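Colleague: Handing you a structure now.
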Amino acid sequence: MPMRIERDLHMAIGNGETSYTKNSRIQEKAMFQMKSVLEEATRAVCTTLLPQTMVVADLGCSSGPNTLRFVTEVTRIIAHHCKLEHNRRHDHLPQLQFFLNDLPGNDFNNLFQLIEQFNKSSTTHKGDAATEALQPPCYISGLPGSYYTRIFSSESVHLFHSLFCLQWRSQAPEQLKGTQKSCLDIYITKAMSPSMVKLFQQQFQKDFSLFLRLRYEELVSGGQMVLTFIGRKHEDVFTGESNHLYGLLAQSLKSLVDEGLVEKEKLESFYLPIYSPSVGEVEAIVKQLGLFNMNHVKVFEINWDPYDDSEGDDVHNSIESGENVAKCLRAVMEPLVASQFGERILDELFKEYARRVAKHLENEKTKHAVLVLSIEKAIIHV
């Protein structure tokens, strides 16, 4: 069955050992790193707008515990702001309406179960005057759909958030279909022709521009966006950390082709719908459109192995780290890979991938480059 983004682009479902729920520590660490940026943007909404009902949307929410961590954090920031700035009573706090958005293939059933647990936990605090006085009323809804389309009415959202999503494209470049690969790569490499590399870059420019235009229509005046996603540290498109990460996956798939477990034709037609941009590329599009004021942009790094918190250049156990990296990537890539090559290869593929990552980490400790962008809807004078 051919891969379809709307159907197949979602994280591994359920609560099993290979699920996204059990393997989303990198995203959790990124959320911790961008906490101050989220707080600044949320406070800006509170200070300049503070509506009776604040609408907050998490785009590409997935289904793990990080989604509810975001809800909890925004609620905490708003409650703290209202207490410090206004000393508001509970009945004067703004109501919070959260929309959790992802593609229809997302594990919304698991997400709704987490929401139910969250609501029950919040209910247990009712009757505790000290806690309840600080807790704004909070309502949470799921919203299936692509954020590369309009998903909200005009000027209805106060704060947009997205974590580890905007490296995903709406599709792999259309012009790559039917082209003959000189190599069996699935993402940008130095062996790829300049014209093919340019197609990946153009797809990013098209998608990111569309995303910003859509959100501009949906944000209220003064509304904020905090976007955190995988990028690269350098302007050179061939030096990105993602090139190594996905290059090792391509090598693992090639080895399965050699073993007769994967059809060569299927690998020849497979490209990842991904592009990891530089800060310069992101800034250029924001400035070119002129729809948003840029509050903040920065790059931070996270070790490939989410359980390696060390800051040095040495990997203490490359085999264990290789397995950890493979689990994280499988939780993200499994549905896409399975739709193209079949589920039966998954265990063997990611076993081979773990081995190759371990060998890579023996020679070079590699980190994800993560971009954080905070922008505000600009007032355009006609």
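Here the Cβ of each residue, glycine as well, is placed from N, Cα and C on the backbone.
According to Swiss-Prot, the protein carries these features:
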- TYR20, CYS61, ASN66, ASP102, LEU103, SER146, TYR147: S-adenosyl-L-homocysteine binding site (BINDING)
- GLU268, PHE270: Mg(2+) binding site (BINDING)
Colleague: Let me know how many other Cβ atoms fall within 10 Å of the Cβ of GLU268 (Mg(2+) binding site).
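Modeller: There are 14 such Cβ atoms around GLU268 (Mg(2+) binding site).
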Colleague: Would you mind pulling the longest C-alpha to C-alpha span across TYR20, CYS61, ASN66, ASP102, LEU103, SER146, TYR147, which the record has binding S-adenosyl-L-homocysteine, in angstrom?
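Modeller: For the residues that bind S-adenosyl-L-homocysteine, the greatest Cα distance is 20 Å.
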Colleague: Rounded to the nearest angstrom, how far is the Cα of GLU268 (Mg(2+) binding site) from the Cα of LEU103 (S-adenosyl-L-homocysteine binding site)?
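Modeller: About 26 Å separates the two Cα atoms.
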Colleague: Mind telling me which of the binding-site residues TYR20, PHE270 has the densest Cβ neighbourhood, counting other Cβ atoms within 10 Å?
Modeller: TYR20
Colleague: For the binding-site residues ASN66, SER146, which Cβ has the most other Cβ atoms within 10 Å, all shown protein chains included?
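Modeller: The residue with the densest Cβ neighbourhood is ASN66.
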Colleague: Any idea which of the binding-site residues CYS61, LEU103 has the thinnest Cβ neighbourhood at 10 Å?
Modeller: LEU103
Colleague: Any idea what the Cα distance is from TYR20 (S-adenosyl-L-homocysteine binding site) over to PHE270 (Mg(2+) binding site), rounded to a whole Å?
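Modeller: The Cα atom of TYR20 (S-adenosyl-L-homocysteine binding site) is 23 Å away from the Cα atom of PHE270 (Mg(2+) binding site).
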